[in-house]
Amino acid sequence: MIHWTSCRWQTTHFLASWLPFRLPSNVKIIVSTLPEKYGILDTLKQKLQDESCFCEIPALSYDTANAIIERYLLQKRRTLTQHQRQLLLSAFSRSPGPLFLKLLLDEAIKWKSYTQENQIDLAESVQVAISTLFRRLESKFGQVVSSHALGYITVGLNGLSEIEIEDALSCDDEALNDVYRYHNPPVDGIVRIPSVLWARIRFEIREYLVERLSEGKHTLNWYHRQFIETARSMYATGQQAEKLHTVLAETFIADNGVKRDITLSRRKITIQNADRQVTPKPLIPENVRKLRCLPYHLINAGNNIDGYLIKDSCFCNLNFISSKLSAFSTSSFLEDINGLLNQKDDDEVWLIQQFFMVCKADLSQPPKLAFNLLSYINAGPEQISLIKLLKKVHEYLVSSNKPSLMPLYPGFTPHQNTESALEASFLDCSEILSYSSDMILFRQDSRQTGEDTETLTLYNINTKDLHTLSLSDSEKRINEFHFDGSRVIYTSATDINIFDIETSTTSKVSFKNILKTHTSPISGLTTLSSDAEHFVIVFEDCNVLVFETASMTKINQFSCGELVKDIIGIVCTSIDKLGVIVLGQKETRDSNRQSGFIKLFYQDHSKEQKCKSISDSFAKGLFYLSGSDDAIVGAVNNRNKSKIISTNLESFEEKCLANVGSQIVQLAGSKTEDLTVALTEEGSFYIIKNGDVIKTGFDTDNAINCFGPYWEQNNLFLGDCQGNVLQHDMLTSKNNKIIKTQPGRILKTILPFKDQLVILDKNKEMGVWSLPTTISDSSKTSKLSKNNIANEILTYEVCCLDVNGHSLVMACKDNIVRLWSLQEMRLQKQFDFGIIPEKCHFADDTFIFGLARSTGIIKMVNMVDGSFIFGDLKITCLDFTISKDLKTVYVLSRGPSGDLNVLVLSPRLGVVKKQFSLKQTLAFVKIDISVNLNERYLILRLKCTENEISAIKGTSKARANLRHQYKFSAVDLEQGNGAVTTCYRYMTKTPLLGEVTEPYQNNSMMVASGRTVLFWDIPTGKCINRVHKAQKKDMMSRSWWIEGDCKGTSFAIAQSRDGNVVGVGSEDGYFIIYNANTGMPVGNCLPTSKHNAAVVNVVCSPDSKWFVSACENHVIKLWDSKSAVEVFSFRVDADIQQIKFSMNSKYLVVLKGSKVLMYKLNPGK
């Protein structure tokens, strides 16, 4: 039971959006409220329109009051004379309520039988009776102590425990000065309220207090709302309330008690550093009472507490933040922050708020919290509390025993404007198939390989995790996709498929075990019930099957009957009144006339099935079930005019909500209110509330072509034909332009979520935008701090980068190559390359090489004097690579006649040491090069043409590698004769297809192909599996170590510089570190953790101590190469393009999207 007006609520809570209106049949909620308070009753009646759900509590009757009086007097062993009883009942009649009667009786039991009428003074109302009780306490125990004690109980969060009340009174100098009027404190140096004094006050009011459990502690609170209101009006308003909160805040801040000077004016003494004997309240996650109460009292203390103290003890205190997040949720801490910002404007706390709104990482672990604070918070020199916080964070990470990465600047700074609020972007997104409260399922054309499977993408907008759902050829005839928690349900021609997102496994329920005749589902005609408890399918023979969602067992079957021309759609109500509604068209003699029908099938067989013919049928996809499951609202599109109609499912009464001039293209309705929104093909809008049209059209510059409703906040997000998104407030009818995508883009779909806005345009680009950024006041962006390093380096649009021992080189889209000092964190030099390099590299620590692949132009600059070398080389460069000692550059170029040439350059000498042409003509889509371990061979990685892949597919022995698109060749640099050696599958002349290569030992290379790593002997061209002789297992093969079916290929390989270990990342998320000599995993077991998406990037530190792996979900993990254990991980907010260690292994540089992130490696202790 909830008594609404007795709780501490925020204003928005009175809108009742938190209150569930659909409940299981065995669950009931009783809500009590006062009709005149906050409009709550009107809100409830609007959302719950069944009058039988409301019951007005009448006044206490005279007879009931008499019975209560009799019983109460008997319990107290007291009696009243007949005249006294009449006086009592006469007073009660002024306000006939239980509480007032209780207060009158407590006064009456003090009467004597001879008490005269003129000595009896009964209150006229509850408030007066309570005030009289409080005044009596003041006269008995002193006005100051009594009023303060009652005030503390009133303002305490869920009341106060007895020790908290004593602590508060002991820190209250006014109360202590009143208590010690006639004698000094009994113990020198200690000043505390006498415990017996509070005990006596409590005894007097014991029957009006209730004991509750609050955050693990027993607290005392007023047992009725009117006691709270009266005590607040008498003792806890304005400055007096702020004083009470100030004292309570002091007691909760105290980690080790309170010692403070006090002057007892009545005794004319001052006690220095007086110990108040306050109970220590350590700042630890287990002390949930302190974590809950401290911010509450700090916020409500007004200006009595300095703003810096509030921040330093709470909102900018690392220990408090860490403890709060460990004990509670992030949303709980955000409520505290919002409470402070609602009362006072503070730039530093606003930045903390932005951090928690934008950061989606799990912050309950202190290392993750510390890392993300450094990554997001951009503190300026004037923001003292934030600087202290970040200093503590840095000290915490440095002193940590565990290895970690420390950001050198806040690379994840909250978005400063709507243009930079884009959180994620997906290209080639042809269609959004389904979505839930936190997941989106969509199809990307670039993921389709044209083979026997189709791959769909699942994106979690909260965690930013990516999952893939692969459909076999037999599953490609798919109906609608539906989310049921962590499952996706869909049908094929033969089965119901249930895909578990967490385990990436699919289970099936075959139709042949359910249906007697062979028939298939009708495409697009499946649905979940409004409470997701049931799943409904319509088949080609017009049979309707109902399944229980959890077990996928059939519970009912209906037939739509004959004369059905077409079935338009299907909906299913909730479990309380489970019914299936089928909408369709009937066969008619007049082919020009469409006749529709609505059929209602009840799960309860005692109810009669209903069918109603309607003059026009609903348009496909343009209908919805009302929030109360009692009506179908839909659009009827005719040639001349269209309309929106509502059909009551009980009476089948039809009501026209609006007549519309042109075809309706989008329709949506609220689940909690009688509210409908429609859009026509001409861009006209209709908002219909409670059956009346309240809005037609919008004042916009461009035509609106799609919308997305966010009912919880009464917002509509409108997309126009120029790529703009406008926020329309349905309460105020105001428009606010919040997002401008690329000009001229036509928006196709808008999906608002709690903190994100998903937008799909007709160019097949889907963006995920941060809603808190886009709809916040633009003036607040000025509060973002100015960190010179972050502001400078994050403005660069970087294409590629490289790192040596002390510097970072960044090739930017403005043709400038910039040299940045890692240690000093400043820009050293910059050079105008005149091209936009897509690959850059240090050479000999003095030179920078840059290649624009699109034009084939390569440039080389001397960092000392800025001069360009090899300027006379007129070549079309395909790729280049650098030797291990950085002294030699190998270049592959294409000549005018199409022949391929190899050049060996010495940057220091400025000469071409060797040059020759390849003897063999190579066909490829793309090529990149590297060298083997001893640098005798130049390794070519060639992306095959479609014709070559087709030819290779024709060889049966290569079927295990059909997913790969790359083949590999080698050129002997020592001989320089241009001969090309191809990497073949063992015992064949078929080129091996794989993903990547990595130098192994001497003249051999490792090749990632399928589930294993193959070993390519370059001189012979043979590529084979190697077997560990003792264990008789393939070297570097996941299939020996993963239980069950091992799926997916290996995507990335890196060998340590000392040659002892090899790290391999694979499609199933595993990153395994193998012993390079034995090929067995370090520790002879799989790692205890893995990525949740394909590992696409792997790098090893030059000192061979660390590996870093990165996956498609933008997660980066740091691994100890010796133990093969993950020691740290974090997520970035864009695709990871490059990862590089500095040559001294102290720094890690990440290129995510076009922005550079820098981290210092803390090896731990």
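In case you wondered, yes, glycine gets a Cβ from its N, Cα and C as well.
Taken from TrEMBL as is:
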type: DOMAIN; residues: 123-240; note: domain 'NWD1/2-like winged helix-turn-helix'
type: REPEAT; residues: 1088-1129; note: repeat 'WD'
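If you average pLDDT over the repeat 'WD' (1088-1129) in this model, you get 94. Same-chain neighbours of the repeat 'WD' (1088-1129): 367, 371, 402-405, 464-467, 1048, 1051-1058, 1060-1061, 1063-1073, 1081-1082, 1135-1136, 1138-1145, 1148, 1150, 1152, 1161, 1163-1164, counting only residues six or more beyond its ends whose CB sits under 8 Å from a CB of the stretch. With DSSP states grouped into helix (H, G, I), strand (E, B) and coil, the repeat 'WD' (1088-1129) comes out at 0 helix, 23 strand, 19 coil.
When DSSP labels each residue, the domain 'NWD1/2-like winged helix-turn-helix' (123-240) comes out as 72 helix, 14 strand, 32 coil, counted as helix, strand and coil in that order.
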